[in-house]
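Undergrad: The structure is given below, and queries will be raised subsequently.
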Amino acid sequence: MRWFAAIPPPKASPANALLLGLVFICLVEALTLYLHLQLPWTGVQLAVKAQQVIGLVSPDSPVAGQLANASALQAIETPTARIELQPLLLIEPLSIPTYAELNQYIALQAQLAQAFTGDMPVNLVTTEQQRITLSIKPHTMLVQIPAFFWWFALTNIAGLLVGVVVWTYKPHTLESTCLLLACLSYYCAGSIFRLLISREFYLPPAWLRVMIPAEALAMNVFLGSLLTILCYYPRQIAAKWGMLAIAGIMLLLTLNYYFQWVAMPFHIYITPITPFIVIGTWLFYKQWQRTRGNPVDRTTVWVLQFSTLLPAWLIMLLYGFPLMFGVQPFISEVTTRALLVATFTGWAVGILRFRLFEIEYWWFRSLLWLVGGSVVLILDLVLAATFQASAAYALGGSVILAGFVYFPLRQWLFEKIMPDERQSLQAFLPVFSQSMADATSKEGFEQRWQAALQQRFRPLHLERLAEQSSAVMLADNGLHLTVPSLGNHHAYRLSGKQMAARLFNKADRQQTESLLTIARMASVASETRQQTVLAERQRIMGDLHDSVGAQLMTLMHKLPNPEHKQAARLALTTLRDTIRLSQKTSPLRLVDQVADWRVEIAERAEAAGVELVWQQGELNGFTLSAKQVLELSQVLREAVSNALRHALPEVLEIGISVKAQRLHVCIMNDGRASLPATWRAGTGMSTMQKRVHGLGGHIQFRLTALPKAKMQVLLNVPLYATNLGR
C-alpha cells in the first residue's frame, strides 16, 4: 500500500527488531511464570470427563495415597462454606455463552480463592462422600508446573517469532506489520490462556478482572489484523478507511464484552465474531478474482486460504457452533488454540512468498485429504445421531457413502481445477519422441524443442534469451522457468505456466531436464547419422565425378552434333550440381541461386539466338534447401529446353518472385504454341510435375490470350519456416 509506505518508518534495523522481539518474549514469559508460581499448590489438577469434574492426582501430591487418580469430585468444603465443583469452573472464559454464567464463573473463582487463602482447613469431597483434607502449599514450585504449560509456551513463542522474522525481512509493509500485530496479540492471549488452563482450582478475582477482557481484546486484535491483511493483500479490496473501520468495530466489541452492554444471542463472544469469518471468506473470494492471470499472487491467496479459512471454519463447525447451540463441542479449547497457531506459518509463507512453487499441489492435495476426513467424520456423526446406529455401522456407512459420493467428486474436481496436470511425463514422451524423430537438422531439432516446451507447459510468454543457461532453473517463485537450448547457444524463458494459471515447480524443472537430455541425445544421434550419410555420399559422388563426369566430358568433346554436345553439357552440369548440392548441410540463399540460374539460362538463350527478358522481385532474406535447389534446377532446365527446342521463340521471359512465403516462377516464350490440352504428355512433362509436387508445390501449363498467344509454365513451391530467414 503506497499510502502506508508514506508513513515514516520506525528507526529500527532488522537485527534490533528481532532483538526487541526476544526481549518482549522474555519479559512476558517471566511475568507469566511469576504469576503461576504465586498460585497455591495441592497436587490435584481439576478436569472434566462426561460433564463430571474429576481430580488428576500428581504422584508427589500430599493426598496421593488418599485420593485415587481421576476420582469424581463434588465440592470444596470449609467449616463455614461449601462450594460445588461445576464444569463451568473449567471452561475458558471466552467460551462461556452468557454474561450470567460469566459472572457466576468469576463468583465461583472468588469463593475458591477465599477458601484457599483462609486459615480454615479445606476438604475435598468426592461423589462418594469421601472427604480428604487438602495440604495447601502457598506457592507452586517450578517443577510442579504442568507440562502443557511449557508446550503452549513453545508454540506461542514460535508463532510470535514467525511474525517478527517476517517483519525483519519485509519491514514497514502493511501486510507484515499487520501479521506482526496479529502474532503479538495472539501471543498475549495465549499467555493468558496458559494461566487459565494450567491452574489447579482458581485464579485470584483481581487477576481475572484484568485477564478476561485483556484476552478478549487480544483475540479481537488478532482477528482484526488478519482481516486487514485480506483487505489489502495481495490486492487492495477495501478503501483506505477500511482499516480504521475494522479497528473501531473490534474496539466496540471489546468494550461491549467488558461493560456487558448488549447480550448477543446464542453466545456473547462467538456470535459477534462469526460475521467477520464470513467476511473473511468473501474477501478471499474477491482476492481470488483479482489475482486471475497472476500465478504468484494466486498461489499466495491459496496459501492464505489454506492456513486461515480451513482452521477458522473447522473451529467454528467443531467448536464454535456447538457452543452457540448448547451442544458439547467436538474438539477441545486446546485444539482450537493449536489450530490458530498453525495459521501463522501459512501467513508467513504467503507474505514472504518463500518457495511458493512447492506449495501449489501440496495445498490442493492436503485440502482434499482434510475434506475427505471431515466428510467421513460428519457422515459418521449424522448417521449415529439420526438413525441411532451403533458406532461400527455408522462408521461403515459413512465410509461407503464417502466412497461412492465424495471420492468420485474429488477426482472430478481435481481434473476440473488442474486439467493440464493430468498428463504425466510418461504420457507426454510418445508425442515428444515422435516430434523429435521428424527433425532432420539442428535447426529442426531446436524448433521441435521450442514447440515441445510450448505444448508441455502452455506458457503465457516464451522468450528467447541471448545469454546461455547451464541448467533448467526456476525464478520468481515459479513464475518463470529458464530452459537451455539444445546447442546451449541461448536459452528460453517461459513465463506463466498454463496461460498464467499455475506456477512452475520442482517437478517441472526435473521433467524438463529429463526431456532436455532426451532431446540432446536425439539431436546428437541424428547429427552423427547425418555425418555418416554425408561421408558416404561424398565418397559416392566423388566416384561419380571421377568416372561418369570424366566420360561425359570426353563425350562432349567428341560428339560432332551441336545438339548432342548441348545435351552432354547439360548432363554434366546436372551431375556437378548434384555432387555440389549433396554436400550442402545448410540452407542456400535464394538470391544467390537465382543468380546462378540466370547465368545458365542466359548462356543457353544466347547460344540459341533468343532474347532473354529477366524479371525478379525482392529475394533477399530467403533460403532454399539443397533438395529444393536441385529439383527446381531440373524443372527450369526442362522448361527452358522445351521452349528453345520445340517452340523456336524469339523472346524467352523469366519471372521470379516471392509472395505469401511461396516462390513463384513463370517461364514464358513467344514461339509456336498450342493448347496444353492437345499435348501428349511425355517423360519430361511428367517428371516436371512429380518434382514440383514432391516439393509441395503446383505447376501449370497454359496459353495466354494476349494479341499474340504465348506459352507459359507457372510453378510455385512453399518456402517453409525452416527456410525463412526473416
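Note that Cβ sites are derived from N, Cα and C of the backbone, with glycine treated the same way.
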Undergrad: I'm validating the feature mapping. Which of 217-234, 703-720 is tagged transmembrane segment in TrEMBL?
TA: 217-234
Undergrad: Thinking of Cβ pairs under 8 Å, which stretch from 179-197, 217-234, 266-285 has the most of them with the transmembrane segment (241-260)?
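TA: Answer, by Cβ pair count: 217-234.
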Undergrad: The transmembrane segment (179-197): which same-chain residues, six or more beyond its ends, come within Cβ distance under 8 Å?
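TA: For the transmembrane segment (179-197), the nonlocal Cβ contacts are 24-25, 28-29, 32, 35-36, 92-93, 148-149, 152-153, 155-157, 159-160, 162-164, 166-167, 203, 207, 211, 214-215, 217-219, 221-222, 225-226, 229, 333-334, 337, 340-341, 344, 347-348, 351.
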